Amino acid sequence: MNETNHSQVTEFVLLGLSNSQELQPFLFLIFSLLYLAILLGNFLIILTVTSDSRLHTPMYFLLANLSFIDICVASFATPKMIADFLVERKTISFNACLAQIFFVHLFTGSEMVILVSMAYDRYVAICKPLHYMTIMSRRVCIILVLISWCVGFIHTTSQLAFTVNLPFCGPNQVDSFFCDLPLVTKLACIDTYVVSLLIVADSGFLSLSSFLLLVVSYTVILITVRSHSSASMAKARSTLTAHITVVTLFFGPCIFIYVWPFSGYSVDKVLAVFYTIFTPILNPVIYTLRNKEMKAAMSKLRSRYLKSGQVLQS
Ligand SMILES: *[C@@H]1O[C@H](CO)[C@@H](O)[C@H](O)[C@H]1NC(C)=O
C-alpha cells in the first residue's frame, strides 16, 4: 500500500445529517441526550449482569456482550457527528474515514453474530431444555463471543481490502454523517462497478445469512412455544418478542442499505441513524423494561448502592 500514489484527496467533507443550519443546535441537543442514554443504559446492563450472580447465565452474558458492542457501535461515529453539528464545514481526514469504515463493519458484523448466538441460546433453552447446561457451557459461550469478533474482523478487513487502494482524485463529499462504503467508493475516480458488487456481495452475504439463521431459529422456537402453554412458556414468549423486535430493527435498515446501496437516496443516512443510534438505545429499553429478572437485579443493585451511600455519610 503506497500512501502517496493512491490518493490526492487528503480529507473528506461530511455533509452531515441535515443541511439546515437552524436545525443544528436542536440536533446537537437531541443526539447528545440520545448518546448519553446509550452509554448509561448499556453500562447499567453490563454492571447489573456482572454484579448479580443470579444473572451469570449464558443468556445474560450474551446480553452484556451485546450491550458492549452497542456502546462500540454508538461510539465510533456519533461523538464526531455531535461535535460536527456545531461546525459548518465538517471534514474528516482520509485515514479517519478509513477507520470509520473499518469500525462500522467490525462492530455491526460482530453484532450480527452475537444476535445469532442469542437466538441459538434461546433455541437450546426452549427446544432442548434438558441439555441446556451441557450445550451452553461457559466455554461455548466464550467461543461464541470470540467467533463474533473474528467474523466482524474478517468481514471488515475483506471490505477494506477492496477500498484502500482506490484512487481518490477530486470529489470528496460524503453525503452522510460518517464514512461508509457505498458512499465513499462512489467518490473514487475509476469505475467502481466491480468493487461495489464485491462490497454488496460481502455485506449482503453476512447480513442475509445471519438474518436467515435468525428467522429459522425463531420460527422453530415459536412453533415449539406454541405447542406448550405453561407459565414458563409465557415467559419465553415475552423474551422472544424482545429478541425479534431488536433483530427486525437492526437488520431492516442494514439489509435495506446494502441491497439498494448505490441508490444515493438520502433515506440511507436516516436508516444509518437506526442502526448506529436507535438499536443501541432500544436494546436496554427492550431487555430491561420487559424482563422481571433484570428489573429485580437492578433494584437490588440500587438498594445496595443506597445503603453503601448511607454508610459513607454516617
Ligand atoms: C461476554 O461473554 C463472556 C462469555 O460468556 C463473559 O465471560 C463476559 O463477561 C461477557 N462480557 C461482558 C462485557 O459482559
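Using the three backbone atoms N, Cα and C, a Cβ is placed for every residue, glycine included.
Nobody curates TrEMBL annotations by hand; they come from automatic prediction.
Annotation source TrEMBL lists domain 'G-protein coupled receptors family 1 profile' at 41-287. Taken from TrEMBL, the feature transmembrane segment applies to 26-47, 59-78, 98-120, 140-162, 205-228, 240-260, 272-289.
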Beyond the flanks of the transmembrane segment (272-289) by 6 or more, those residues with Cβ under 8 Å of it: 17, 31, 34-35, 37-38, 41-42, 44-45, 63, 66-67, 70-71, 73-74, 77-78, 104, 108, 176-178, 180, 242, 245-246, 249-250, 252-254, 257, 295, 298
Stretch-averaged pLDDT - the domain 'G-protein coupled receptors family 1 profile' (41-287): 86
The transmembrane segment (140-162) vs the transmembrane segment (26-47): 3 or more CB pairs under 8 Å: no
Same-chain residue ranges lying at least 6 outside the transmembrane segment (240-260) that approach it to Cβ under 8 Å: 108, 111-112, 115, 118-119, 122, 182, 200, 203-204, 207-208, 210-211, 214, 218, 221-222, 225, 268, 271-272, 274-275, 278-279, 282-283, 286-287, 290-291
